[in-house]
Amino acid sequence: MQTTFLPPSSFSAAAAIPDMASYEALCAFAERDYQGYWGKLARENLAWRVPFTRVLDESNAPFFKWFDDGKLNVSYNCLDRNLENGNGGKTAIIFEADDGAVTSITYKELHAKVCKLANGLRARGIAKGDRVVLYMSMSIEAVVAMQACARIGATHSVVFGGFSARALHERIADAGAVAVITADEQLRGGKRLPLKSIVDEALALGGCECVRNVIVYRRTGGNVKHAAPRDIWLHDLMDGQSDVCEPEWVNAEHPLFILYTSGSTGKPKGVQHASGGYLLWTALTMKWTFDIKPDDVYWCTADIGWVTGHSYITYGPTVAGATQVIFEGVPTWPDAGRFWETIEKHKVSIFYTAPTAIRSLIKACETDPKVHPKNYDLSSLRLLGSVGEPINPEAWMWYYRNVGQERCPIIDTFWQTETGGHMITPLPGATPMVPGSCTLPLPGIMAAIVDEAGQDVPNGQGGILVVKRPWPSMIRTIWNDADRFRASYFPEELGGYYLAGDGAIRNKDTGYFTITGRIDDVLNVSGHRMGTMEIESALVAHPLVAEAAVVGKPDATTGESICAFVVLKQARPEGDAAKALAAELRNWVAKEIGPIAKPKEIRFGDNLPKTRSGKIMRRLLRVLAKGESVTQDVSTLENPAILEQLAKAL
Ligand code: WT7
């Protein structure tokens, strides 16, 4: 028996989808007439400059096209439409800075800023189809920059501000960006961290000659180098520009953005999203999953460097005409009550965060009772959300009781960079909730669990999570690598189904989905997606490292942590020498990729456990990382003695 929590009836009464019958009716519509369903929603929810006549084109599967003879502009839908609807004076963004300073901006003001920057970008020769990389921290300007790109049809690629110069360089070069938009510095937890100087470093690595503009937002006033004419201040670029800017009307399939994410190989994948289908799903999920209402104050704590920030900060809330909080800082500064204080301060009604943050705040109030949510007025909250990784039932219960005060439904939203928006999630007014389960697919999302041959498995039996039919906000391709797109997401043995890369199981009685974790070499550390190969490549780039294997280890706070097994080109160090080298290698990885990729643990061995054909047996390393003893069959292992050497932490 699963413990079930029903949506409060007062919530259901006003909800966009008020009960399971309404949910099922939408699902049945999609089953009966897939194209009719999506076509109707796209006509009702978006403003089209040129109406589409085709809904879904499957002729070149898996390169699906949605609404592709229709024309629209994403920024027009997010901004101008709000002005036309009488929402111009409504607050679009409440910016809560790291130090607690608040700036807010109305839809009319946001629209004006976006138009000015869009005109400025055009004045610099940036046009439809050009790629623009953003390397910024959380700010109103980051949203303005993304929307300005969308307005002129430039394809943005946001790189998380915690990535290293090398990681940034790789993404700029792969995207062939003509411009980089950055800030002088960022502020996090009272500290100033560089941005512009990292851009300089990345561009100096060579191969980025495509970049002709570096546009710098002055956040802190910190000292930065200025290479004219390439470099220009954002305010100088916007100054004197008109606050009217005719949008570039693009085809629905026009690439809105590329966002790099980790896969099974060392090279990050540039996930390419389209304009029309993507915007449709962000708009719909704002209504269905977030049940957004005109008076809501919505707060998603994600960073714009991840897909959550794209779909549920830059695009979803604006296309929905919502008021949202954007937060620059960190959840634990000046203390671990910052989230609750901010909810109280801005009367947040919808709060969306990651399980890692919840778990770390649970821990924090065990040592410092002052920061417990009960010390804050959280009565404004009506809905809570979770995203990025599985939420364990204990964290779910704590969130439900202490933050939502048993009054707020929790939406555990399963989705991915590639899916563009929510896929499997409770509907807050309709779905009975079960802690630890993301429950059921949204209407029109044909999620299923199959075996390795693509055959359905019965409920109660685990398998591979797939989506059987294309959906509007799905990934269109991997930038510069269509073959990898096909091989990664539409492997032949699955007969045309989209492969999510996660394992899952459905409950025997309810059919509810529970995600059991990645089935590939992808780790999820604090909700950040990391490829084991990326970290291994960074390690072997160190002059002393001969070979490395990285595995995930379950972690009570971060979900998973990174454990690296390393073979050196020199004798295996022991004692303090081993500890010192481990520290050096951890910092090396942080410098190569970014602090989020720093291994929590490093162990040294004379070799790695390998099969006779030379394949590293990672499943054994996963067992060792957990501190368990190997009970599996090791008869195929070339060098069983090595296991003992790798079993102990430093
Ligand atoms: C991977 C995608 C979701 C957008 C931000 C992360 C895991 C995500 C859940 C959830 C269990 C989840 C999956 C997925 N994941 N949400 N609610 N329950 N697992 O996007 O970086 O592309 O990561 O995050 O493993 O494949 P991403």
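Cβ atoms here come from the backbone N, Cα and C positions, even for glycine.
Copied from TrEMBL, the annotated features are:
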type    : residues                                                                                       : note
BINDING : Arg188, Gly189, Gly190, Lys191, Thr308, Ser526                                                 : CoA binding site
BINDING : Gly388, Glu389, Pro390, Asp412, Thr413, Phe414, Trp415, Gln416, Thr417, Asp502, Arg518, Arg529 : ATP binding site
BINDING : Val540, His542, Val545                                                                         : Mg(2+) binding site
DOMAIN  : 23-78                                                                                          : domain 'Acetyl-coenzyme A synthetase N-terminal'
DOMAIN  : 86-471                                                                                         : domain 'AMP-dependent synthetase/ligase'
DOMAIN  : 534-615                                                                                        : domain 'AMP-binding enzyme C-terminal'
Cβ atoms within 10 Å, counted per site: which of Thr308, Thr417 has the most, among these binding-site residues? Thr308
Using a 10 Å radius around each Cβ and all protein chains in view, which of these binding-site residues has the most neighbours: Gly189, Pro390, Trp415? Trp415
Under a threshold of 6 Å between Cβ and any atom of ligand 1, which of the binding-site residues Arg188, Gly189, Gly190, Pro390, His542, Val545 are retained? Pro390
Roughly how many Å separate the Cα of His542 (Mg(2+) binding site) from that of Gly190 (CoA binding site), to the nearest whole number? 32
Just checking the binding-site residues Gly388, Thr413, Thr417, Arg518, Val540, Val545: which sit within 10 A of Ser526 (CoA binding site), CA to CA? Gly388
Of all the binding-site residues here, Gly190, Gly388, which one's CB has the most other CB atoms within 10 A? Gly388
Reduced to three DSSP states, the domain 'AMP-binding enzyme C-terminal' (534-615) has 28 helix, 28 strand, 26 coil
Restricting to the record's CoA-binding residues (Arg188, Gly189, Gly190, Lys191, Thr308, Ser526), give me the longest CA-CA distance in Å as a whole number. 25
Inter-residue C-alpha distance, Thr308 (CoA binding site) and Val540 (Mg(2+) binding site) (nearest angstrom): 32
Could you check which of the binding-site residues Arg188, Gly190, Lys191, Val540, Val545 is the closest Cα neighbour of Gly388 (ATP binding site)? Arg188
Pro390 (ATP binding site) sits from Val545 (Mg(2+) binding site) (Cα to Cα, rounded, in Å) at a distance of 34
Here's one to test understanding: among the binding-site residues Gly189, Gly190, Val540, whose C-alpha is closest in space to the C-alpha of Trp415 (ATP binding site)? Gly189
How many other Cβ atoms are found within 10 Å of the Cβ atom of Lys191 (CoA binding site), counting all protein chains shown? 11
Reduced DSSP assignment, Thr417 (ATP binding site): helix
In whole Å, could you give the widest CA to CA gap in the ATP site formed by Gly388, Glu389, Pro390, Asp412, Thr413, Phe414, Trp415, Gln416, Thr417, Asp502, Arg518, Arg529? 18
